[in-house]
Amino acid sequence: MRIDVLSLFPNMFAPMRESIIGKTVERGLVDFNVTDFRNYTDNKHHKVDDEIYGGGQGMLLMPQPLFDAMDAVEKEAGNRGRVILMDPAGKTFNQSIAEELAKEEHLTIIAGHYEGYDERIRTLVDDEISLGDFVLTGGELGAMTVIDATVRLLDEALGDERSAVDESFSTGLLEYPQYTRPADFRGLKVPDVLLSGHHANIAKWKHKEALRRTYQRRPDLLADYVLTTEDQKLLKEIKQEEQND
Ligand SMILES: C[S@@+](CC[C@H](N)C(=O)[O-])C[C@H]1O[C@@H](n2cnc3c(N)ncnc32)[C@H](O)[C@@H]1O
């Protein structure tokens, strides 16, 4: 996969060299490029922003530097790929968007700054993505979040022993509680079933606890989850158990 980011602060992407994402770049699984679109200004002061027509606080990113930077990406890569604008007015990012983006061969992400974009910049983009209902100073942290969540879904990104298949949101439920050694830590014990070696019972326990956690913490997710007859029985048990607690 090729990923281009258009940003005024390329140094902010240093974390992309670390950990699992850094390894995907080192191993050639991801071709990651950051373009400083200030280098594409056609004015002698390298200005990328200007005052807002009709009045308004702050400065807006002008179209010219971003349009020219996008042309440069297209020239180098042969295409623009799927173009994403980081913007608070976009669709809220989630796991299913990450899964969709992980299927693309090329993503180009625009990270804004200042008061945001001249409206005409939106004609360049395929998707507008928000991290949530809050305002950041720039799109860099959002772009890194989108890249991290997307790249870890690529085949081979997590390595043989790790998997994104069972994780929160991938199944439609939150992940069940997990434990590692020791079996008894300061009197806090690992549930007996997990030490039993009985695979069917363990699988059933994991599923029930994923349902319980989702019901307790994110009941909204259950609205989109197709409950089997067995799930409905388990949920009834969970509600009963909660009442008895
Ligand atoms: C200070 S913000 C501009 C906010 C804009 N004036 C508004 O009210 O929507 C500057 C840039 O940060 C990025 N940004 C801020 N909040 C964001 C969010 N919640 N999700 C994604 N990007 C965000 C965008 O790239 C945005 O253009």
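Cβ from N, Cα, C; glycine included.
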Further binder of S-adenosyl-L-methionine named by TrEMBL next to L131, G132, D133, F134, V135, L136, taken from the candidates G112, G159:
G112
So among the binding-site residues L131, V135, L136, who's got the most Cβ atoms within 10 Å?
L131
Give me the non-local Cβ neighbours of D133 (S-adenosyl-L-methionine binding site): same chain, 6+ apart in sequence, Cβ-Cβ under 8 Å, ordered along the sequence.
P88, T92
Other than its own, how many Cβ atoms are within 10 Å of the Cβ belonging to F134 (S-adenosyl-L-methionine binding site)?
7
Under a criterion of Cβ-Cβ distance under 8 Å and sequence separation of at least 6, what residues of the same chain contact G112 (S-adenosyl-L-methionine binding site)?
L61, L85, M86, D87, G138, G139
Which value does the mean pLDDT take for the domain 'tRNA methyltransferase TRMD/TRM10-type' (1-223) in this predicted structure?
96
